[in-house]
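J.: A single structure is presented below for examination.
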Amino acid sequence: MGKNVVVLGTQWGDEGKGKIVDLLTDQAAAVVRYQGGHNAGHTLVVGGKKTVLHLIPSGILRENVLCLIGNGVVLSPAALIKEMGILEEEGVPVKERLRISPNCPLILPNHIALDQAREKKRGNAKIGTTGRGIGPAYEDKVARRAVRVADLVRGGAALEEKLQEMLELHNFQLTQFYGVEAVKFEDVLALCNEWREVLAPLVIDVTKVLHDYRKEGKAIMFEGAQGSLLDIDHGTYPYVTSSNTTAGGVSSGSGMGPLHLDYVLGITKAYTTRVGAGPFPTELHYDAATDTGDAIGRHLGTVGHEFGASTGRQRRCGWFDAEILRRSVEVNSLSGICLTKLDVLDGLDEIKICVGYEDVDSGCAGSSDAVSFESLKPIYETMPGWSESTVGLTSIDQLPANALAYVKRIEQLIECPIDIISTGPDRAETMILRHPFSA
């Protein structure tokens with residue numbers, strides 16, 4: 001029987017999920033995206049060639065792997081069609097390998113306009129969204145006014161009525177509250193009619209396909225976007241995304257019940273990063289634009305190429321935080337960890353790990369909001385670094401002694417086994433200690 005494996009991020013996103021999903025799909029029959037939208041950026045490097053995906057599952061480069069977009073994803077037809085075109089130019093038969101749930105809510109031009117107008121109005125208090133309409137699209141989903149893929153495929157008067165109702169509200173907000181131009185109904189309808197021709201042949205009952213595969217004993221990979229600390233419920237609210245990025249989102253976003261999930265792999269950087277606003281207790285402040293700030297922060301950002309795959313924004317960098325990782329392990333019921341970018345720490349004289357916090361407000365214990373995080377002072381444990389290169393190593397026996405000690409200490413602190421170690425961006429630059437599909 002094939003196993004069903006979940007791959008998700010345990011930090012604030014950008015942990016290296018795309019590479020690992022791509023690597024592990026050699027044993028999968030299908031790969032599923034179950035939440036988020038095109039705010040994700042998953043980078044794959046195969047044979048030295050770089051591919052960045054935002055919506056399409058990372059298994060798309062594999063032959064004989066079905067790629068599915070589940071109902072929990074908010075789907076931008078414009079972004080998807082653009083991404084399909086780029087891949088098709090590279091010879092990837094996307095239309096043969098990709099299928100979409102009819103229940104995905106659509107991201108339309110009015111959602112993007114709202115998202116960007118809100119961020120602008122917030123000024124210095126902005127959340128740091130990608131401005132791509134993700135949040136407003138999820139709002140419409142919860143408010144039961146979303147236009148979904150099924151509506152797009154049906155077209156006709158029913159689609160027009162839904163668009164009119166949505167735009168009436170959104171345009172009132174845009175013009176009367178935010179003071180920007182309205183989005184024209186005719187323009188949105190014309191786009192929908194264009195998109196229908198491309199997307200209609202790809203629509204399928206994703207949940208049924210998943211259960212058919214399960215009954216046939218085929219292995220399935222569930223690919224998460226963003227990271228657990230950006231979860232709408234468990235993240236540093238309000239500096240979060242609008243979906244459930246933790247393991248619970250798999251079932252609601254795909255229709256695969258939790259008892260059918262066999263293994264949950266948490267992708268975790270060997271240090272910590274965050275892009276955009278929000279609290280970050282172990283941050284080492286560095287500004288790439290002016291080349292000023294903490295030297296270690298500069299090292300992590302420069303050597304780790306810490307710029308967002310979706311936005312190009314500089315990622316904030318800091319020491320590994322074992323305290324927040326313990327919470328991710330628990331919330332996601334992780335089976336194992338994949339530790340990425342260990343090679344970025346090469347050459348550092350010493351390395352710190354946050355093992356706890358000072359002055360935790362017991363009255364807010366368990367709260368994951370931004371206010372609770374802002375006052376936290378990390379308690380660090382210092383470990384010796386290593387001068388040897390770990391780039392491209394494929395066996396744990398090859399690791400320098402201090403690097404191995406660092407890996408083992410993380411395992412002890414987070415109480416979860418490290419099953420995979422990534423030592424570079426390419427598929428081949430990986431140590432697989434325990435394969436999720438055979439665990």
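Cβ atoms are placed via backbone N, Cα and C, with glycine included.
What Swiss-Prot records for this protein is below:
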type	residues	note
BINDING	13-19, 41-43, ARG315, 341-343, 422-424	GTP binding site
BINDING	ASP14, GLU15, GLY16, LYS17, ASN39, ALA40, GLY41, HIS42, THR130, ARG144, GLN226, THR241, ARG313	IMP binding site
BINDING	ASP14, GLY41	Mg(2+) binding site
ACT_SITE	ASP14	active site, proton acceptor
ACT_SITE	HIS42	active site, proton donor
BINDING	ALA309, SER310, THR311, GLY312, ARG313, GLN314, ARG315	substrate binding site
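Help me understand the surroundings of these features in the structure.
T.: The 10 Å shell around the Cβ of THR43 (GTP binding site) contains 18 further Cβ atoms across the protein chains shown.
Of all Cβ atoms in the protein chains displayed, 24 besides its own lie within 10 Å of the Cβ of THR130 (IMP binding site).
In this structure, GLY41 (IMP binding site) belongs to neither helix nor strand by DSSP; it is coil. Counting every protein chain shown, 20 other Cβ atoms lie within 10 Å of the Cβ of GLY41 (IMP binding site).
With a 10 A radius on its CB, ASP14 (IMP binding site) counts 28 other CB atoms from all the protein chains.
A sphere of 10 angstroms centred on the C-beta of ARG315 (substrate binding site) encloses 21 other C-beta atoms. DSSP classifies ARG315 (substrate binding site) as coil under the three-state reduction.
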J.: Could you work out which of the binding-site residues (GLY13, GLY16, GLY312) has its C-beta surrounded by the smallest number of other C-beta atoms within 10 A?
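T.: With the binding-site residues GLY13, GLY16, GLY312, fewest surrounding Cβ atoms within 10 Å: GLY312.
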J.: Roughly how many angstrom lie between the C-alpha atoms of GLY16 (GTP binding site) and GLY41 (IMP binding site)?
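T.: The Cα atom of GLY16 (GTP binding site) is 10 Å away from the Cα atom of GLY41 (IMP binding site).
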J.: Using a 10 angstroms cut-off on Cβ to Cβ distances, just flag whichever of LYS19, ARG313 is the loneliest among these binding-site residues.
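T.: So among LYS19, ARG313, the binding-site residues given, the one with the fewest Cβ atoms within 10 Å is ARG313.
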J.: Could you tell me the C-alpha distance between THR423 (GTP binding site) and ASP14 (IMP binding site) in angstrom, no decimals?
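T.: Taking the Cα atoms only, THR423 (GTP binding site) lies 15 Å from ASP14 (IMP binding site).
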J.: Restricting to the chain of GLN226 (IMP binding site) and a gap of 6 or more, list residues whose Cβ falls under 8 Å of its Cβ, or answer none.
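T.: Within the chain, GLN226 (IMP binding site) has Cβ neighbours under 8 Å at GLY9, TRP12, GLY13, GLY36, ASN39, ALA40, THR241, SER243, THR245.
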